[in-house]
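Participant: Annotations for this protein, taken from Swiss-Prot, read as follows:
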ZN_FING   103-127  zinc finger
REGION    294-357  region 'Disordered'
COMPBIAS  318-329  compositional bias 'Acidic residues'
COMPBIAS  330-340  compositional bias 'Basic and acidic residues'
ZN_FING   363-385  zinc finger
ZN_FING   391-413  zinc finger
ZN_FING   543-566  zinc finger
ZN_FING   601-623  zinc finger
ZN_FING   657-679  zinc finger
ZN_FING   744-767  zinc finger
CROSSLNK  Lys794  SUMO2 cross-link
REGION    819-888  region 'Disordered'
COMPBIAS  837-846  compositional bias 'Basic and acidic residues'
REGION    1103-1177  region 'Disordered'
COMPBIAS  1157-1167  compositional bias 'Pro residues'
COMPBIAS  1168-1177  compositional bias 'Polar residues'
CROSSLNK  Lys1353  SUMO2 cross-link
ZN_FING   1388-1411  zinc finger
CROSSLNK  Lys1402  SUMO2 cross-link
ZN_FING   1514-1537  zinc finger
ZN_FING   1608-1630  zinc finger
ZN_FING   1664-1686  zinc finger
CROSSLNK  Lys1747  SUMO2 cross-link
ZN_FING   1749-1771  zinc finger
REGION    1795-1843  region 'Disordered'
COMPBIAS  1829-1843  compositional bias 'Pro residues'
Amino acid sequence: MTDPVLASQLANGTGEMDGLCSELLLIPPPLSNHGILGPVQNTCASGELAPLPADPGCLLVEATATEEGPGNMEIIVEAVTGTLSPGAPEETSGVLVKVVEVYFCERCEQSFAEPTLLSVHQCTETHIQAVQDLSSPPCSVELPPSNLALRGPLQDPSLPDSPLPCPVCRQEFVQPQALKSHFKIHRVTPNMFSCPESGCVFSAEDRKGLQNHLRQTHKAVPVPCSFRGCSLLFGSQQGMELHRQAHYPFHCSHCSFMGSNVKLFRQHQRSHGASARGELSAAVQGLPSQELLPAAKLPPGHREPSEEASTPLPGQESAEEEDAEEEESVTQKDSQKVMDKSQGAQQLEGHVGSGTESLFKTHMCPECKRCFKKRTHLVEHLHLHFPDPSLQCPNCQKFFTSKSKLKTHLLRELGEKAHRCPLCHYSAVERNALNRHMASMHEDISNFYSDTYACPVCREEFRLSQALKEHLKSHTAAAAAEPLPLHCFQEGCTYVAPDRKAFLKHLKEIHGVRAVECRHHSCPMLFATAEAMEAHHKSHYAFHCPHCDFACSNKHLFRKHKKQGHPGSEELRCTFCPFATFNPVAYQDHVGKMHAYEKIHQCSECNFATAHKRVLIRHMLLHTGEKPHKCELCDFTCRDVSYLSKHMLTHSNTKDYMCTECGYVTKWKHYLSVHMRKHAGDLRYQCNQCSYRCHRADQLSSHKLRHQGKSLMCEVCAFACKRKYELQKHMASQHHPGTPAPLYPCRYCSYQSRHKQALLSHENCKHTHLREFHCALCDYRTFSNTTLFFHKRKVHGYMPGDQVWQFCNASQELEGARQCLAPPSDSGPSSQLSAQPEREDREHEIVANSNMDQALPETNEEASPKRQDGIEAPQEDDQVDSPSLGEVEEGGCTLHLEALRVELEPETEPLPLEELTETATVEFRPLDPSGPLGTERPGGLEEPALSSFDSIETPALVAEEEPVVEKLASEPPRNPLISEEAPNTFKAALTAETVPLPPFPESESLLKAMRRQDKEQAEALVLEGRVQMVVIQGEGRAFRCPHCPFITRREKALTLHSKSGCQGRREPLLCPECGASFKQQRGLSTHMMKKCPVLLKKNKALPKPVSPTLHPQLPDNQASQDAESRKPPPLPSKVELLLPKDAPSDLPGGPGVEEPLPTPSDFPTSPPENSLPTGTSEKFHFEQGKFHCSSCTFLCSRLSSITSHVTEGCRGGRGQKRKRGRPQTHAVVLPLNNGDSTLLNTGSTESSPSDGDTAVVQKQKGALFSCPTCPFSCQQERTLRTHQTQGCPLKSGDLHCGLCPFTAPAAAALRLHQKRRHPTASPASGPRPLLQCGDCGFTCKQSRCLQQHRRLKHEGVKPHQCPFCDFSTTRRYRLEAHQSRHTGVGRIPCSSCPQTFGTNSKLRLHQLRVHDKTPTHFCPLCDYSGYLRHDITRHVNSCHQGTPSFSCTQCEAQFSSETALKQHALRRHPEPTPPSSGCPVEVTEGPLHCSHCGLLCPSPASLRGHTRKQHPRLECGACQESFPNRPALDEHRRQHHFSHRCQLCSFAARERVGLVKHYLEQHEESSTAPSDGDAGQPSLCCPFCDFACRHQLVLDHHVKGHGGTRLYKCTDCAYSTKNRQKITWHSRIHTGEKPYHCHLCAYACADPSRLKYHMRIHKEERKYLCPECGYKCKWVNQLKYHMTKHTGLKPYQCPECEYCTNRADALRVHRETRHREARAFMCEQCGKAFKTRFLLRTHLRKHSEAKPYVCNVCHRAFRWAAGLRHHALTHTDRHPFFCRLCSYKAKQKFQVVKHVRRHHPDQADPNQGVGKDPTTPTVHLHDVKLEDPSPPAPPAPSTGPEG
């Protein structure tokens, strides 16, 4: 039907439009079908002007025609490239032209209002022009349905991947969201309401006026659109229904269903089934157009399309809440967006006006001046102005502002809905959508919406907004169903009308007034004034603000209103700008957004202010002292999570930051940044008093202390120092405040130190030699970096930070570093690693770091047990040790060495070297001291460092890490121990990376260590005041040993102690002559035969000097012949490395033979008269790795020692050198520059005709080279060059003292020095007289040596005594070898078996006898063979001494005893052992094999002997516990039998009594004397007598003698115990600490017994069996509880009621739930509180989606264990439950209860009618539950006899 009025308007307005904008003439067609959904074709007559093509620069998109007049035509034109201006003003009478921006598609030339719509647009093959206007004024007449026919066949939208067509323009879209976004362009809100009746030109500005016009003029009832947000009126219901379809983007192709909810639309499509899909195309094409209109009769199951068709029912609210956003004022929002775009970006709240930017210090957008509270918000906002290509969707090319939004968008496009509802089939992309679904669909499950909404009529509260709206409809429907009589509201009028028309007529006729109707579409109420109507109209809104008059029906608007806050009574003014407001919410929002950089967060406790709220929260913790963040691996706590994340790196072994220059690796990025300053030369910190510069602030702070005075002073002795750590060390060493600093013993000798760094330096210098330091300017080498620093400062004049020195010597240092980095040219296949000189830092600082040294004394008390354990056992990798000083000092300033204990790790078997070289090609490189040591693979990859040390968390950057370099290849042994351990260390270090980790981290040794720590922690709890220790009198008497401090409560134990264990009753063996004491008879006999001084005096006829030579003397001629024929011994490679590079290699004596040359550092720098004589080198020679003195038997391994010996202390040359033959050694001839040769003779001797004996051939004398500036002289030019290169200590003109190294610039100073220091000095006149022993012929030059000789040889004094037992000896090396039996330190392992030895000689003898089995000495009288000469001597003395009376019948051997003959027969003529009587004869067909090593033995007896000797059963002699290998036994002895150690010295004892005795004898006596230092330490007094002491262990032992004992009481409760471990475990109940963790699950507990009890869960063993029914369980408590089911016993009764139970925990739960009101356990997700933790855990399962209980038959999952047990009965035929009143049976109990209630209602208690078949076995959960498909963890190893 055509509207003539509108057609005439368009016809008349065509010319005006042409004149207005002739360039943009796009003639619209006559709107004959205005208001109808359908495409509009642009047609024009042939005689008229042809329309212009759609220019991309200017495209007419929308045209809205109104019916008021020809001049009110609004044209909306969107211009992309330019702006359009209207024509002449006179031609545009009343015409409005609005120019906005447009986005168009270049392919189909379709335009869009927003770029997002263009991004989701998909072009079709045919050009489709958009509809000009969708919401034009509708008409009330019957509309032809042909205009609504679908254009073309529709694709099946029921398929998941089928496109969705737009119902207006038929454009297809893949995604529903794209269709909905596109559908918005068809909606426009009308500005004028026109009359829908034909021929009527009435229009009104408001809807009410049109409604009154229709009723009064046309007598028609207006039908409003039932869609929310649409204000249009229609003349008939059919027109309204037809229009309402235009509001829904989704239309069903099978029926008239439509909607805007994607989920409901998909569900409706699935309801048609798959059969309708195949007939879709034909059905749509042949579908009559009337099907789209509402029919009178609909098919069954379909309801009339109404508001309910698109609005979900209560409980069906959309997850995305699309209906609430689109159906409620959606057209108003869209039009507002268009208006915003047309008018430009408006200035929103919080934006900064131009010119006022300086007032605000905040996160401000530079483009739109918008402000944000956080920088992250600004960064996300900037993506709007500057799109990030990485945040662009690859499918629709749409840009996003964050990765999370892009991820959500991609998930929506892919249709992946990861969040699923556990109660229904709903799924969503986002978690919030699922929460909204749970709140709307499952009200009682989720508490996502915490708001409540009250009904404005009856004040009833609702949790869901939709429920409130439905409730409001009931009030409206009730008012409409029962209309109340209408009373006249005029004063004095009592008229009452039951009819609405009569009431209106009465008001109009009688009072002349007009009633105001309620604006609500379904409310019939009338009011006298508009104000009363408006007040009533608010009652139709669902949401009312309680603080103001605001009311609305949109929940989101209501929430937005509440967030905006309400004005208060006080005006709030901003302190940074003129802003003022009464609204506190607006004020906080303004300050947070506009002044984010200002310090707006003030501390209420102090004056602290900050710009960040997180910083304020962290600052407030300073006042409270709380540290909420705690490390799970140690006791570290901090205030901020960022500190914790940095601290966690200390527990990690990964070092991700590596320096590319030197290989330095670290865990912290900042450390690497600071380290890189060295390579860049960035010495940013400079001293203001000198030229010192460095790259670290802490180094500068330490340096500045040099220029300051000693500001710190000791209060006790007035000791002054500069650094705090120096004062702390002084107090610890001198005055012992509290616990003294622990002693760090050396692992290889008896050296001890209270400073760990000194110990590490000692071990490196004396024993390990793992790191060697080289001077880059000369050939100086040392094993101490401090000594290297002193060398550079003394010889080369180096000072840290001296720029002049660095500039002059930089090139030399670099050259020396390159030479050191170059690999050795003569490296053989063994690839020996030579130590590399360390590149010294230019800012090298000798002063130790004050921060670390300051921290060390604080941790001494805590770390002392760990350090002691670290001495005894290897540290685990995952344990954090004490601060690694190697990591603290950087660049080689300090050295931290940890010796690897390979023999203490039996689980890591080292690979053989052959397998190691086959499996991985390892390239040995020169060591870099500044980087880690690693192995390089062929691909260039670098393996992790073999040895590194973890650092602990420090508050500031105090140091950088420095990895420790281990020696991988064995060098010529400086120390035999190191040469033996180096290969094993290397193998173990490499295989530690390849061998898989043990299956569980909680080893038995770790648990024992934690138990010991728990015992020691009890003392700390006493000091903290959390535990009170009291002494109580025990029951019974105590028995004390009269000879020692042993005390016991059992008389039998005292008797046993007196017989065997008392050390005081053992009487020593005394020598009758001199009184020396011995423990064994053999020692006494040896002493009386050879060493007793009294017997030696009696038996001495003439004084004969005792020759200390080990070998027998040879005749002189034989000695000379041997000397002439002896070949020069080969030199070790260690001596070869000492040669300088310019030394010639073609020396006499054969290739490869090089003699060690004494360097100037080995000789004392003295004047010529005291320097080394010319013939010094003749007096010693080098043989078999040792330097031998040619005049006596002295030998050593160092060149400096032999030089000092032959120069000063050799006494053999004076009286014995002519009686002793000396071997001949070759001389080394070095060519000089002048062509001569200087013969350096190292002890060569020849027979001279002028001397009968061996004489010394005079050395060929050459020219002496002298230093021009000092008295130094030498015979070789190279030595002089080295002396000058190192730096002469004297300057030209300095004078040198001849008696000491003193130098002076003037002669007067030298004379004064000699007068003071050497007043009686006179030139030496001949040798000093020798001192001679009066008891023997011993002579020496020093009185100290003579005194020591008398004490050792004649007085029997043994100065070296073992601290662990009574062993004493005269030799220190014997003591060290003996102590290794106790400590295990220094033991030399055998490479073929796990045995260890204290000396190399015993190791060699062991290898000869056990492994090689090749005897070297033979008895000449029989077949006996041995491995030492002493074996043959002992055999001859015992078996062949005297007259041989026993002869062998099978050979000619004769013996002096029958026992020797039997041994010979068993050894030489073995016979098979006859079988014993009564035993079957063993038939042995061939040799017997050893099960351990596979050795073939001829007889069982030999096999038993072999097993007893070669594979002994290692058993502890104290506790008879057996071990698989020697290291395990040593570890056991160390841990258990020497576990009592003195805290003041290195003493250790097996039993506590020995330690008590040691304290009484050594420390208590010395501490009883009063002193100033001990005045502050109170004595410990006995509560029963006057005894006092200073050590708690002594007091405990004394109190035990009174029969008393200690009792520990908890201060928080009434718990008390005598056990220290138990009080520690109990205290954790109050603190919540749970250090014991299960390695198979997340279980943690406070004591190890609970952990052991818990570990049975992971085992399948069920060792407790019920004798009645065969029930098996894992715990005895389970069995006890089960037995009560058979006995019916319920011993636990509630004291407050009659409740009884058979379980104590059930009674506890009953009392907590029934008789307590406190609900201490709260759910963090929903806020519900519970009385017990079990109920809370049960409740938490509701929030989780996990269903851990899976049936092993059908794989059905259950959330509860009971559900699985009940379900398991469905797979069986058993019916265990039956009715006692009839024959009914069931599988579950509740079924029988339900049966009794239904069929036996007379039964009072239905549970009494339920019975259970006792023959039916109980369904156990482990029998029906499906186990985890992952491989089970290996069972934990047995921990002892308990299992």
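Cβ atoms are placed via backbone N, Cα and C, with glycine included.
Relative to the rest of the structure, where do these features sit?
Facilitator: Mean pLDDT of the predicted structure over the zinc finger (103-127): 54.
With DSSP classes pooled into helix, strand and coil, the tally for the zinc finger (363-385) is 11 helix, 4 strand, 8 coil.
Across the zinc finger (543-566), DSSP assigns 10 helix, 4 strand, 10 coil.
When the zinc finger (601-623) is classified with DSSP, helix, strand and coil residues number 11 helix, 4 strand, 8 coil.
The secondary structure of Lys794 (SUMO2 cross-link), as reduced to three states from DSSP, is helical.
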Participant: Report, as numbers and ranges, every residue of the chain located at least six residues beyond the zinc finger (1608-1630) whose Cβ falls under 8 Å of a Cβ in that stretch; write 'none' if there are none.
Facilitator: 1011, 1014-1015, 1017-1019, 1021-1022, 1025-1030, 1646-1647
Participant: Quick check on the recorded sites Lys1353, Lys1402, Lys1747: which one has the highest count of other Cβ atoms within 10 Å of its Cβ?
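Facilitator: That would be Lys1353, with the highest Cβ count within 10 Å.
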Participant: Using a Cβ cut-off under 8 Å, which residues of the same chain at least 6 positions beyond either end of the zinc finger (601-623) come close to it?
Facilitator: 639-640
Participant: Relative to the Cβ position of Lys794 (SUMO2 cross-link), how many further Cβ atoms are located within 10 Å?
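Facilitator: That number is 12.
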Participant: Write down the Cα-Cα distance for Lys794 (SUMO2 cross-link) and Lys1353 (SUMO2 cross-link), rounded and given in Å.
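Facilitator: With the alpha carbons as reference points, the distance is 45 Å.
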Participant: What does the structure give for the C-alpha distance between Lys794 (SUMO2 cross-link) and Lys1402 (SUMO2 cross-link)? Integer Å is fine.
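Facilitator: Spelling it out, the Cα of Lys794 (SUMO2 cross-link) and the Cα of Lys1402 (SUMO2 cross-link) are 45 Å apart.
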Participant: Tell me, by DSSP, whether Lys1747 (SUMO2 cross-link) is helix, strand or coil?
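Facilitator: Reduced to three states, the DSSP call for Lys1747 (SUMO2 cross-link) is coil.
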Participant: Measuring Cα to Cα, tell me the gap between Lys1402 (SUMO2 cross-link) and Lys1747 (SUMO2 cross-link) in whole angstrom.
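Facilitator: The Cα atom of Lys1402 (SUMO2 cross-link) is 66 Å away from the Cα atom of Lys1747 (SUMO2 cross-link).
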